[in-house]
């Protein structure tokens with residue numbers, strides 16, 4: 001999770017987030033190189049007394065500044081498209097979790113099991129236990145198994161919401177009347193926090209998301225207790 005004075009992203013806890021971090025570094029390096037080149041050219045123009053006011057045609061220069069941007073765009077577009085297809089690809093998920101956004105809480109339903117659904121509200125400050133995080137703790141955490149492909153079905157009962165867990169690289173809009181889907185898979189156990197990322201009313205900032213990812217053995221034990 002994020003911590004005070006943090007610079008950069010949270011630690012990646014899913015293959016998708018790892019790919020997004022690599023893509024961010026890749027794109028940032030390209031931006032850095034372009035910025036350095038532009039600053040170098042500007043410094044040369046300001047420091048030299050020579051000017052080319054009589055230049056009427058420069059075919060080589062025009063060719064370079066046409067081809068080079070095209071190559072740069074291709075270098076950005078190809079890995080971006082690869083990640084885009086990875087995020088949309090859902091092959092034989094192990095289970096499905098349906099999420100509905102409300103003003104101002106989330107409700108969850110494990111569609112593979114009968115009568116396993118609950119609402120998840122933020123725990124108010126007076127009710128926090130020692131060690132709980134203010135404005136991030138909920139009364140009912142989502143328990144899921146690690147290292148398994150999970151299909152998320154996300155929608156809303158009222159207004160626009162957005163179900164977001166940064167460490168897992170997930171941000172999917174919850175739209176009334178529309179069912180969006182996303183893939184969730186973690187590489188390690190842990191507790192991951194998120195929040196609604198679409199302004200949805202006066203209590204928009206009080207819609208935390210808490211996922212508790214556990215090994216399959218412990219998930220099955222929790223499942224038996226909940227059913």
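The backbone N, Cα and C atoms fix where each Cβ goes, and this holds for glycine too.
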Swiss-Prot annotation of transmembrane segment - which of the ranges 15-45, 108-138 it falls on: 15-45
Among ranges 60-87, 144-171, whichever one Swiss-Prot labels transmembrane segment: 60-87
Shell of the Cu cation A1 site beyond 161, 196, 200, 207, same chain only (C-beta within 8 angstroms of their C-beta centre): 101, 103, 104, 106, 162, 174, 195, 197, 198, 201, 204
Pairwise Cα distance for residue 196 (Cu cation A1 binding site)/residue 218 (phosphotyrosine) [Å, integer]: 28
